[in-house]
Amino acid sequence: MHAFPHGTTATPTAIAVPPSLRLPVIEAAFPRQLHPYWPKLQETTRTWLLEKRLMPADKVEEYADGLCYTDLMAGYYLGAPDEVLQAIADYSAWFFVWDDRHDRDIVHGRAGAWRRLRGLLHTALDSPGDHLHHEDTLVAGFADSVRRLYAFLPATWNARFARHFHTVIEAYDREFHNRTRGIVPGVEEYLELRRLTFAHWIWTDLLEPSSGCELPDAVRKHPAYRRAALLSQEFAAWYNDLCSLPKEIAGDEVHNLGISLITHHSLTLEEAIGEVRRRVEECITEFLAVERDALRFADELADGTVRGKELSGAVRANVGNMRNWFSSVYWFHHESGRYMVDSWDDRSTPPYVNNEAAGEK
C-alpha cells in the first residue's frame, strides 16, 4: 500500500489503512497518479493561504502540508495546465477552510455570522472582482479563487459553475439549520443534500478547464458520462462519511450517512458502517462498468471533424480523471490530518482550526 509523502518528491511510502476502511480493489485496480506540478502546487497554495490570511500563520506552518489538500487535487486533475491546477487547488483549500468556518459557526451558535457570510458568498460568486479586498478574508479569498477559475473557459461555463455553487451555499445553510437544531435528516433526504454539500457538480465542472474544453449539454448530460461522474463523486462522499463517522459522532454532528442509518433505520453502529461500506463498494463496481460505456461514447464523438476530435479527447481525459478521483480520495483519507482524530487533544475540535468562541466574527 503506497502513498505519497509530504516532501517534495513523489517517492511512495507505505501507509497502513485500517482493515475496516481498506478497499483492496482501489489499491489494485486504481493506480495512484500525481500531477508533476504537485511540489510547486503545495508550496504555492501554502503561500496563498498565508497571503489571503485564510489560516493563522502558525497553523499554516504546522498543519498545511499535513492536511494534504494539494495532494487531493494533484491526484485528480491530471493533465491540467499548471495555472488551472493552481487555481483549482487554491479554491479547494479555500473550500476546506470555509467548511471549517461553517462548522465552528455551528458549534459556537453564530447564526448571525453565518447568515452574513452566506449572503456575501452569493454576491461574491456573481461579482468576484468587487470582493477581492473584502474585510472578511474568507470572502476575499473566495473572490480571488473564483475570479481565477472564471478566466479559463467561456462565460457560459462560468454561469453554470456559479449556478451550481449557489446551490452548494444553500445546502450548507440547510446543514446549518439541521445541525443547530439537532435534526438528523432521513436517508434519502441526506443523500440528496450530500450531493450538494460535497459539491458533486462543482468538482465535475472543473474537469472541463482541466482538459481545456467546455462540454456542450448534449455531451455533458449523456447518460454514460453523467453516471460515471456521479459515481465517482458518490464514492468520494460516502467514503468520506465512512472515514469521518468517528469524528462526527464525537462532535455531536448529524450529517453523515451512517448517522442517518442509525437514527432512521435503527441500525447499530457496526451495521451502519457495514451499510455505508456496501454502498461505497457498489459505487466502485458500477463505475468499472459504466466507465467502459463512457469511453465508448468518447470514441463515438470522434467523427472525423476537428470538433469531434476535440470533444472525444476531452471526454476521454475527463473520464480518466473521474477514475483518478477514486484513488486520490482514498489515499487522502489516510494521509490527511483532517481524519487523524485519535491524535487530537480534543476529538471534537480539529487542532488546525481557529476555535475562537467569543463574539460573532
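The backbone N, Cα and C atoms fix where each Cβ goes, glycine too.
Feature motif 'DDXXD motif', per Swiss-Prot, maps to range 99-103 of the set 9-13, 99-103. D103 (Mg(2+) 1 binding site) and E248 (Mg(2+) 3 binding site) are 11 Å apart (CA-CA, integer value).
Here the motif 'DDXXD motif' (99-103) returns a mean pLDDT of 94 for the predicted model.
Same-chain residues lying 6 or more positions outside the motif 'DDXXD motif' (99-103) and placing a CB less than 8 Å from one of its CB atoms are 114, 117, 138, 172, 175-176, 251, 350, 352-353.
D99 (Mg(2+) 1 binding site): 14 other CB atoms within 10 A of its CB, across all protein chains.
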